[in-house]
Amino acid sequence: MPDIKLKNQASLCASTRLFLAYTSIKPFDVAFHPKEPVVFSSLLTGQVCAWSYDDATGETSSSWSVRPSKRTARALSIEENGDEIWMGGKSGSLLCALTPPKVIQLSTRDGSMTRERDSAHECPINRVYCVNRNLVATGDDDGVIKLWDPRQADSIRTYSQHFDYISDFTYFDDKRQLVATSGDGHLSVIDIRSNKSTPLTVSEDQEDELLSIVPIKGGQKAIVGSGLGILSVWNRQMGWADSVDRIPGHPASIDAIVALTPDIIATGSEDGMIRVIQVLPHKFLGVVATHEEFPVERIRLDRNNKWLGSVSHDECLKLTDVEDLFEDSDEDDEMEEDEPDSDEEKSKKKKKDNGMKDMSRGQAENDGSFFADL
């Protein structure tokens, strides 16, 4: 496929609008409502906060805040119908709260708790993932994974193939496979249809912490972020034993990934930057947002693929407009038709098109050699 270019520096800065919902306390996770313009965040204090936002402008207003736990609320996940939000945290408890049909309307039910499972895990829960309406996955600091049916009081299966924290989950519906990444350097695949408490497969040791995962290429492949700043590409048709490609270049750990298109991902890194990268062929496209020197904890894309939500240690939830991030194909066609004839004009055009599209000139200089070896 042809390279997908970001808009030029001036246009990018003008069109990438940032709106901050300050939490005053360190946030750990971010989640978007699947049907409404509402964004949620879990906080160090055990709170879960909700903000409504304008679909067009991104302007936010606080909707509600609850504190279901006195200990850190680490992880959030929302059911596909948008009715309930699940929270896991340092206490090891698993909580479920209502997200009313119109969260922007304050009522006594805003954030009200519907279910609580004390001591769901023996140690802190690090990740929660709603697979579907009747299945929720949780992973803790010891590498234990549990599957839950909301209609039942206890977990339905427990997996212990990992020996370090569970960092992320993703799900492939065609094969009913839940994939988990871990700080022990392995990823594992669980067939949710199986009644056995053993995984379908466990990968080879990648000799690095695996921190994040997201499907790409229409679910044919997956890409995983690591502690050393390397992206690994996994081909499902070739199995999950080992990755098929590696993309070096990030100067710090890749703690979060989202897919913007089937071929384009955004990564949140320990150095505070959110980068956009094209995969197969590999190309670094630019930096679209930054949390300065604070590490990016999580990033999510909203239901319209317009707003990219990110949280960091800078005590704010940031919304970045990524809807018009890439040049329109019509613009590319016009540029090809108006291709300059002289070598001098071609040279000028090449310099203009290949410039790094970072949020500042300094960032562009720092990242100029990024992915230079690809």
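Note: Cβ is positioned from N, Cα and C throughout, glycine not excepted.
For 21-61, the entry in Swiss-Prot reads repeat 'WD 1'. The average per-residue pLDDT of the prediction over the repeat 'WD 1' (21-61) is 89, rounded to a whole number.
Residues or ranges marked as repeat 'WD 2' by Swiss-Prot: 68-107.
Mapped onto DSSP helix, strand and coil, the repeat 'WD 3' (120-158) counts 0 helix, 20 strand, 19 coil. Marked as repeat 'WD 3' by Swiss-Prot: 120-158.
Look at Swiss-Prot and you will find 161-200 tagged as repeat 'WD 4'.
Per Swiss-Prot, repeat 'WD 5' is recorded for 205-244. Within the chain, the repeat 'WD 5' (205-244) has long-range Cβ neighbours (under 8 A, six or more residues past its boundaries) at 164, 167-170, 172, 174, 179, 181-187, 189, 250-259, 262-263, 265, 267, 269, 277, 279-280.
Annotated repeat 'WD 6' per Swiss-Prot: 249-287, in sequence order.
For 290-330, the entry in Swiss-Prot reads repeat 'WD 7'.
Swiss-Prot lists 325-344 with the feature compositional bias 'Acidic residues'.
Positions annotated as region 'Disordered' by Swiss-Prot: 325-374.
The stretch with the most CB contacts under 8 Å to the repeat 'WD 1' (21-61), chosen from 120-158, 161-200, 249-287, 290-330, is 290-330.
Residue counts of the repeat 'WD 5' (205-244) by helix, strand and coil are 6 helix, 18 strand, 16 coil (DSSP-based).
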